[in-house]
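According to TrEMBL, the protein carries these features:
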type	residues	note
BINDING	A:Arg48	NADP(+) binding site
BINDING	A:Arg125, A:Ser126, A:Ser127, A:Gly285, A:Lys300, A:Pro301, A:Thr302, A:Pro303, A:Ser304, A:Arg326	FMN binding site
4 protein chains.
Amino acid sequence: MAGSSFGKSFRVTTFGESHGAALGAIVDGVPAGISLSEEDIQKYLDRRRPGTSTVTTSRNESDKCRIYSGVFGGLTTGTPVMVMIENTSQRSQDYDELAITYRPGHADFGYDSKYGFRDYRGGGRSSGRETIGRVIAGAIAIKALDMLGIKVQAFTQSIGNVYAQSLNLDECSENAVYMPDKDAAVRAIELIKEAKSDKDSLGGIIGCIATGVMPGLGEPVFDKLDARLSAAIMSIGAIKGVEFGAGFHVSTMTGSQNNDPFYIDEDDEGLHIRKRTNMSGGILGGISDGSPIIINAAVKPTPSIAKEQDTVNAINEEVKLEIKGRHDPVVVPRAVVVVESMVAITLFDMVLENMKSRMDNVLKIYKK
Amino acid sequence: MAGSSFGKSFRVTTFGESHGAALGAIVDGVPAGISLSEEDIQKYLDRRRPGTSTVTTSRNESDKCRIYSGVFGGLTTGTPVMVMIENTSQRSQDYDELAITYRPGHADFGYDSKYGFRDYRGGGRSSGRETIGRVIAGAIAIKALDMLGIKVQAFTQSIGNVYAQSLNLDECSENAVYMPDKDAAVRAIELIKEAKSDKDSLGGIIGCIATGVMPGLGEPVFDKLDARLSAAIMSIGAIKGVEFGAGFHVSTMTGSQNNDPFYIDEDDEGLHIRKRTNMSGGILGGISDGSPIIINAAVKPTPSIAKEQDTVNAINEEVKLEIKGRHDPVVVPRAVVVVESMVAITLFDMVLENMKSRMDNVLKIYKK
Amino acid sequence: MAGSSFGKSFRVTTFGESHGAALGAIVDGVPAGISLSEEDIQKYLDRRRPGTSTVTTSRNESDKCRIYSGVFGGLTTGTPVMVMIENTSQRSQDYDELAITYRPGHADFGYDSKYGFRDYRGGGRSSGRETIGRVIAGAIAIKALDMLGIKVQAFTQSIGNVYAQSLNLDECSENAVYMPDKDAAVRAIELIKEAKSDKDSLGGIIGCIATGVMPGLGEPVFDKLDARLSAAIMSIGAIKGVEFGAGFHVSTMTGSQNNDPFYIDEDDEGLHIRKRTNMSGGILGGISDGSPIIINAAVKPTPSIAKEQDTVNAINEEVKLEIKGRHDPVVVPRAVVVVESMVAITLFDMVLENMKSRMDNVLKIYKK
Amino acid sequence: MAGSSFGKSFRVTTFGESHGAALGAIVDGVPAGISLSEEDIQKYLDRRRPGTSTVTTSRNESDKCRIYSGVFGGLTTGTPVMVMIENTSQRSQDYDELAITYRPGHADFGYDSKYGFRDYRGGGRSSGRETIGRVIAGAIAIKALDMLGIKVQAFTQSIGNVYAQSLNLDECSENAVYMPDKDAAVRAIELIKEAKSDKDSLGGIIGCIATGVMPGLGEPVFDKLDARLSAAIMSIGAIKGVEFGAGFHVSTMTGSQNNDPFYIDEDDEGLHIRKRTNMSGGILGGISDGSPIIINAAVKPTPSIAKEQDTVNAINEEVKLEIKGRHDPVVVPRAVVVVESMVAITLFDMVLENMKSRMDNVLKIYKK
């Protein structure tokens, strides 16, 4: 398989290039009976849309989605759901000079090495617009997870050296950088403006929390929940690192610090096994442990910068490059919904996979 | 699929529990014509074997492998290679009291939640011994990569707060902690002894470098080279974070700092496109860029510690636990060869996948 | 995976319902560098289109395809090719009474049992229109196979009890039933008219021949070439049997009759190993043997008939049913291109898979 | 993937060559909580074992299986079940002259074309002994299906031109050819003895019936139940054709003959939708319809015959060949349990896949 599909039971296949006719996704394995409309998907697509604030590119992509299959009478039918956005705002002439030039920090050279040539308009398949298909599938997964009481929320942890100091998730949608800390958001926006006027760009960290996750998700060995989540998140273009719970800090902890003690909690529904801390980030031995799943992902600074750079072209010449066109000085805020989508897709896929783990479950479905 | 397989073209399926009859792997998709002997595999298995130094568990696992299929006349035949180790040293009585107790930091609770019960002897399927199958497959991948001039070497970057300050890879096999820095190794061993006498354990960071990787490996979108490598590495039990190149540092860099400038290099073989820096860690947009691939992985402290811990059991009681048995105070040195194996498996899988990217390649194989 | 994908390296995922907004396919794993236009695909779609003769339904489906991704400058780029047809002629009112009635010979009852409800308009996902996605992918596979000198041609072997007595493949496109025998075609058309006036329908047999297939295609054990081809062909709605070479006749042959003797043939290009007969149908032990691949597939009579039938509905009532709407009295002629497509898809997939069989091949691609 | 795996949720991977060290299978995705012992598997392996009657080869293969993983306390644990048979009776000297000679009707030439060389001892991977892994997995699937009330029984429909005239399934185990008709069995045995004394071999047809199958199994489009079953059955070495229900006879039926009328049946448990006939063989539009699943598979005559044959060798010489060694004059009776196994594996795989079809089912598993 050539890599455009993700998931085993809830299987997403995306298509489309930045300046091609359209971008979208087929989601196969959507269980029948989930209420789904174009609005359900559009609201997530709008979150990744540029042109909505001063901190993103001024490209105005309307990005209206349409459901082409798999929904009947407002419900998913169990057959593949295809959702697509037709491309409208295409100023490909901006990109013509990039036909043979390899942009530093981009996949251009890799694509040419791999395929012999490439669709160079706006990054083609390696464009950030490729994430449209992910958000489409993510919106469907989020609807399904919601029926199970599982919530996924990603947010901007940091931009450059400005870190959120509080974790007020409701605040995220109130500021342009999707930060859960109002004051940090103000400082981050200031920093972005500076970078922009320097013809430069910034990176950051995206956090993600999933609550309501039942224990037992994840498959032993290679399809561990964290292994699948890592693959999901690292497959987003700009991500260079991913960690769970205490993450890289575990390297300097002792076992007695890092082990989360279990205890018995009691509420109206009875006794529950819980953990006093959550160094594990909700995953132990690759299986969810019933605590919130905690993820961090490092986002690199946008490689498309207006500043002059040294590079080469496809005919082995060294050249200077100033990237024109409308580019985000930081992609972190727009990537938040993409991380959220990939986490949701992975979680719902593992929910479906896990159904088959016990013969008890099989009997529960089939025995009258 | 229930998660015991990895890879698409070079496909590893592992089996076995810590105290079951045997552990091993089937590797399907091994191209015909690779020279392969039990010694080729055994030397890697010996590197993950405990009982070889003061810093690892005193369990003496002989772990002699045998090839059961897929090799004829010393060469792989193209059919599945099955390699297995029969279990011999099994003191399962050490584990009897763990039948219903959930060890903190372990997958016990998750397995019970998922399956209703578990093979509790020595961790069963979630034991570190499960990595035997990975090292078997890794040894085969390493032989194949070698024929292509690709070398993979992992090493101990840090243990607790002791970091390697130099990167002398030849030094790794000279010290018990597989560190590329002689002095750091001495200090790390000291630290491990302290942790052991404290009935506690340590974590660390494993680094990995792959050289000789041709540009173009990795598939767009979901099967990006770094996404596949993340899944591979994060599927190792104790890993909690993974990063490439500048990794989490990208979050505080600017685009002009993070973008690696390309330049033209000339040698006897002609002109080459190279990068002046390697912030990308050898991967841009999910495709290898011809530079060395640079990976870091965070390893958590061994969760099995002799120190008394608070926990619960399967019948909802809070209990105290002191883990008996012979456990590593740090798994980092033994996990080095496992990381190396998973990286090699992934790289060779992507080498095979990439063959199909161009119709030119198809014609090269089939046209006379 | 929920079943809408086929192929491993050349991977087709289809979507769409009979009366939904559109039908189409994503083909992932198309090697870069294949010349591809909408015309290349349209000519195969036109062959499955109804309304072109007296023997098919009078529905007029224009079925104009559009390529939405994966092609740049007239060449495939290596990224997923999405091709779609928007639905235009939709008389769904014809189907309203079928909302709760289970048509005999159709999947209606199965879909309701599986999903709880279904898109009942024109068969929804189980409609023959679903094969549009297959023909799209088939057209791409045929173009690629052509570059390798492989030709796939399917034809109508029989309709009812009228069998082609000659095998003049050029004749197929000259008659409305796609038969390689002019006289038989005339008799078959007569028979179809009779069935139509009886408000009944007919079945038949589709043959398929692939020439130029190199020996060595097919993977041992489960992915044998004939196993993959069987899955491909049997996944077409109306097919109830498939056989290779001597097929069901092998059951009454002896080994000495059924074994094809090998001999040495000599031509300008040197010595060749060939077979004197082709009972094997070009496949031995699941691997192509260099002879033409010979396949037969049994097509059932169209289940949608105007004649009154006994059936039941979703509320457990026994009812009488006369199916209205415009239906083919026989689907064999229109299914010919679908069989051809599925065979081509499978063959090209196996061509790509086979590249990885030998380390020699790997070195051929990567070694300078 | 190189073809040694089958199934999506219930996933079988086999390994081993005829004269290698061992043959066996890993079954991943076995739900936890199925009672499983070596005896459960051995009884099916004994059915495919030769040396048990005059009509099979006189090789005495003891073929004792051992479970190496995935079972604890007599129950499957949800982790991969590995079962293996070590090879003991290996007279490979019988095969030495076949090192370079291509046996007619065998895969030898195909393997050499594919891999450049092959393990020629006893057919290597293409030997009938490869089916050991299938029967191992089949035995597990049969145990699981039994818990759901699904029974799979295969039998010898015909040998040469001797056809079973009655269908007394209990009779099968009473005769050496596994025929459901005592008298036909006697005649078939006579025919086999004749073929043997002629140094020749025979083919036949295997039938298979699965009862108790719930409606709704099978996935739309490519993973139709019959498509999956076809792939499963056609992947058995000697099979050249497969058909469902009326099979190839559909080609000469009319729609009104072939459509099975539905009716309402009433019993103690209430109203049921049933079919008056079963031309569909229990599958409509690729989805099970609640009727028994009816399959026929054509088995070719054993290609290894003692009669002199014309053939060629790997150095392009035409040679005469008389195959030595102990070979079955007909493989049909021994292949019966292999067909049964493949059908059971496929059905249970589809049972697991189908669980995910409805959000209702998902909620049934997870909601308290």
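The first residue you see is number 1, and the count goes up from there.
Note: Cβ is positioned from N, Cα and C throughout, glycine not excepted.
All TrEMBL annotations are machine predictions without curation.
Worth saying up front: this structure is predicted, and the values here are computed from it rather than measured.
Feature map: annotations from TrEMBL on the structure.
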residue  : record               : Cβ contacts under 8 Å, 6 or more apart
A:Arg48  : NADP(+) binding site : A:Thr131, A:Ile132, A:Val135, A:Arg334, A:Ala335, A:Val337, A:Val338
A:Arg125 : FMN binding site     : A:Gly16, A:Glu17, A:Ser18, A:Tyr111, A:Asp119
A:Ser127 : FMN binding site     : A:Glu17, A:Ser18
A:Lys300 : FMN binding site     : A:Gly105, A:Gly203, A:Ala238, A:Ile239, A:Lys240
A:Thr302 : FMN binding site     : A:Ser201, A:Leu202, A:Ala238, A:His327, A:Asp328, A:Pro329, A:Val330, A:Val331
A:Ser304 : FMN binding site     : A:Arg103, A:Gly105, A:His106, A:Ser201, A:Ile323, A:Gly325, A:His327
*Intermolecular Cβ proximity, binding-site residues A:Arg48, A:Arg125, A:Thr302, A:Ser304 versus chain C, under 8 Å*: A:Arg125
_Taking DSSP as the reference, which of helix, strand or coil describes A:Arg48 (NADP(+) binding site)?_
helix
_Max CA to CA distance in Å over the FMN-binding set A:Arg125, A:Ser126, A:Ser127, A:Gly285, A:Lys300, A:Pro301, A:Thr302, A:Pro303, A:Ser304, A:Arg326?_
44
